Amino acid sequence: MSLRSHLSRLLRTQVHSVRKKSVHSVAVIGAPFSQGQKRKGVEYGPAAVRXAGLMKRLSDLGCHLKDFGDLNFTPVPKDDLYNNLIVNPRSVGLANQELAEVVSRAVSGGYSCVTVGGDHSLAIGTISGHARHCPDLGVIWVDAHADINTPLTTSSGNLHGQPVSFLLRELQDKVPQLPGFSWIKPCISSPSIVYIGLRDVDPPEHFILKNYDIQYFSMRDIDRLGIQKVMEQTFDLLIGKRQRPIHLSFDIDAFDPTLAPATGTPVVGGLTYREGIYITEEIHSTGLLSALDLVEVNPRLAVSEEEAKATASLAVDVIASSFGQTREGGHIVYDQLPTPSSPDESESEERVRI
């Protein structure tokens, strides 16, 4: 291990040792929005993830919760294509503006903000709202796709494949002004984002990644390096020189479709359960997670109720492991074992037998 990597890991361990007994204050925002793409059903993602036990799981971890409920986005009655291609630009722009306000309120109130989508165009709003209070944030984008097409390079017209292009400062001379998007201010730079899990990248996106020096780890890189080394290098890049808030944007299609079948754009050869949860466990261990998106759960695309439940349950695992659930068992701090000399000796003995 390099000296830099060793020092970075040591610093993260020290931060974790200070914070490991702290209680997370977590705000949960449901974002039932589907107009960043054309497949219906992803608007039911928040309800599915809630039904899979999200709030109880976070509560059992000792989190102090504030539930903003599922947002009611303002409908746009007439939302014509932009440039005869881009789908629902006004709806996407307005929904993200509304979401950014709620995320901003949550972060300013001292909460770690969890947004459950909904499609990945919502990251425009979550990262914009987060950056208002944490302008130096770093983004870890876990996804099968880079989502960095511009409105001029996209072939699908779907804005859930373009959110990063609106957020990245270096791309602003390549991005036209879409109706409904005038409020957006680019808020991250190329060195402030790292991709993990890529395996379906369009040619223009690959050009952007290479020519704008954006760090990414494809599934081939994960196979070659191993997920531990990928996370070490990710942290070296984002927090190796200075500690700063982390925004984790996690698309459920980062996982292999055998694990997360109920999603709109599945791609074979994705993350295993162990790899995906290792990512979130390591992010939690930094003590720096400030906001998390969990997107693209689409229960309507499951071929069975079991597939829908499995995908939603996996989403809950991703979120819970980001806030302290471990595979050794997620526990509220247990400070002391009962002793035979305690007043409730018989009751303690019975508890130990159980």
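Heads up, the Cβ atoms here are built off N, Cα and C, so glycines get one too.
ASP147 (Mn(2+) 1 binding site) falls outside any helix or strand according to DSSP and counts as coil. When Cβ atoms from all protein chains are considered, those within 10 Å of ASP147 (Mn(2+) 1 binding site) total 25, not counting its own. As annotated by Swiss-Prot, Mn(2+) 1 binding site applies to HIS120, ASP143, ASP147, ASP251.
Swiss-Prot lists ASP143, HIS145, ASP251, ASP253 with the feature Mn(2+) 2 binding site. ASP251 (Mn(2+) 1 binding site) has a Cβ environment of 27 other Cβ atoms inside 10 Å.
Over all protein chains present, the Cβ of GLU296 (substrate binding site) has 32 other Cβ atoms lying within 10 Å. In the three-state DSSP scheme, GLU296 (substrate binding site) falls into the coil class. Summarising the annotation, Swiss-Prot assigns substrate binding site to HIS145, ALA146, ASP147, ILE148, ASN149, SER156, GLY157, ASN158, ASP202, THR265, GLU296 and lists similarity to another entry as the type of evidence.
According to Swiss-Prot, the region 'Disordered' annotation covers 332-354.
The transit peptide annotation in Swiss-Prot covers 1-22, and the record cites sequence analysis as its basis.
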Euclidean distance between Cα atoms of ASP147 (Mn(2+) 1 binding site) and GLY157 (substrate binding site), Å:
12
Determine, for the Mn(2+) 1 site, the additional residues of the same chain whose CB lies within 8 Å of the mean position of the CB atoms of HIS120, ASP143, ASP147, ASP251; present them in sequence order.
ALA123, TRP141, ALA144, HIS145, ALA146, HIS160, GLY161, PRO163, SER249, ASP253, ALA254, VAL295, GLU296
What binding-site residues in the list HIS120, ASP143, ASP147, ASP251 lie within 10 angstroms of ASP202 (substrate binding site), counting C-alpha atoms?
ASP147
Residue among the binding-site residues HIS120, HIS145 whose Cβ has the most other Cβ atoms within 10 Å:
HIS120
Given the binding-site residues HIS145, ASP147, ASP253, which lie within 10 A of GLU296 (substrate binding site) by CA-CA distance?
ASP253
Proximal residue to ASP253 (Mn(2+) 2 binding site) among binding-site residues HIS120, ASP143, ASP147, ASN149 (C-alpha distance):
ASP143
Helix, strand or coil by DSSP: which one applies to ASP253 (Mn(2+) 2 binding site)?
helix
